[in-house]
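K.L.:
Residues or ranges marked as domain 'Major facilitator superfamily (MFS) profile' in TrEMBL: 1-195. Per TrEMBL, transmembrane segment is recorded for 7-26, 32-51, 71-90, 96-119, 140-158, 164-181.
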Amino acid sequence: MLKGIPAGFSLLLLSIPYGMTTNYVAMYAKQIGIQASTGFFFTFMALGMAVSRLFSGRLVDRGMVTQVIEAGLYLVCFCFFGLSSCGWLTTWSLQWTTYFLFTIALLLGIGFGTMFPAYNTLFVNLAPNNQRGTATSTYLTSWDVGIGAGMLLGGYIAEIATFKMAYLFGAALTVISLFYFRSKVAPHFHRHKLR
C-alpha cells in the first residue's frame, strides 16, 4: 500500500532495535556482568505491554493515533539510550544497573505496547475498505523486515564493537524514527486518512 510507505519506514527503523533486544539482551546482560536471570527482562516487558493496553486503545479510539505513537516513540527513545547506558553504569553499581535494566524492560513494554495497535490503526485508516488486508500486510512487513535487520545488524555491531554500541546505534535509529514520524508520517496521515 503506497500511502503506508512513510509509516512503514518509520516502523522499520523502530523495529531494528526491537529485533536487537529480543535476540541479544541476554548476551548483553552477561557481557556487562548482570547476574540476574534475563527471563525477568521479558517478564517485565510483557507486563508493560499488558499495562499499556489498559489506556492506549481508548486514546486511539478517540482519534489520538499520532499522539499515542509519538508518546510511545519518546518513551522508547529514552529506553534504548538507557539500555545502552547500562554498559557504562555497571562500573558504578551492578545492583542498581540490574534494577535499571528491568525498569527499562517495563517501560519498553509500555512504549511498544502503546505503539503497536496505534500503528496498525494508522495503516488501516489510510486504506480504503477493500485494502485493509494490504494495509495490515504493509504494517507487518515493515515490522518483520526491521526485526530481521535488527538481528543481523545487532550481531554485526556486537562482533566488531560491543552490545552497548549496538544498542546505542539502535537508540539513534529510534531518534531518527521519531523525527521522521513527526515531520513526515503524522502530517501525511492527517492529509490522507480515510477514517
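We number each residue from 1, going along the chain as drawn.
Glycine is no exception: its Cβ is also placed from the backbone N, Cα and C atoms.
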K.L.:
Would you kindly check 7-26, 32-51, 96-119 and say which stretch has the most C-beta pairs under 8 angstroms to the transmembrane segment (164-181)?
P.N.:
7-26
K.L.:
Counting Cβ pairs under 8 Å that sit 6 or more residues apart, are there three or more between the transmembrane segment (140-158) and the transmembrane segment (7-26)?
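P.N.:
Counting Cβ pairs under 8 Å (6 or more apart in sequence), the transmembrane segment (140-158) reaches the transmembrane segment (7-26), since there are 3 or more.
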K.L.:
For the transmembrane segment (96-119), what are the same-chain contacts with Cβ under 8 Å, counting residues 6+ beyond its ends?
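P.N.:
Tertiary neighbours of the transmembrane segment (96-119) are 7, 11, 14, 18, 21, 29, 32, 34-36, 40-53, 56-57, 60, 65, 68-69, 71-73, 75-76, 78-79, 82-83, 86, 89-90, 139.
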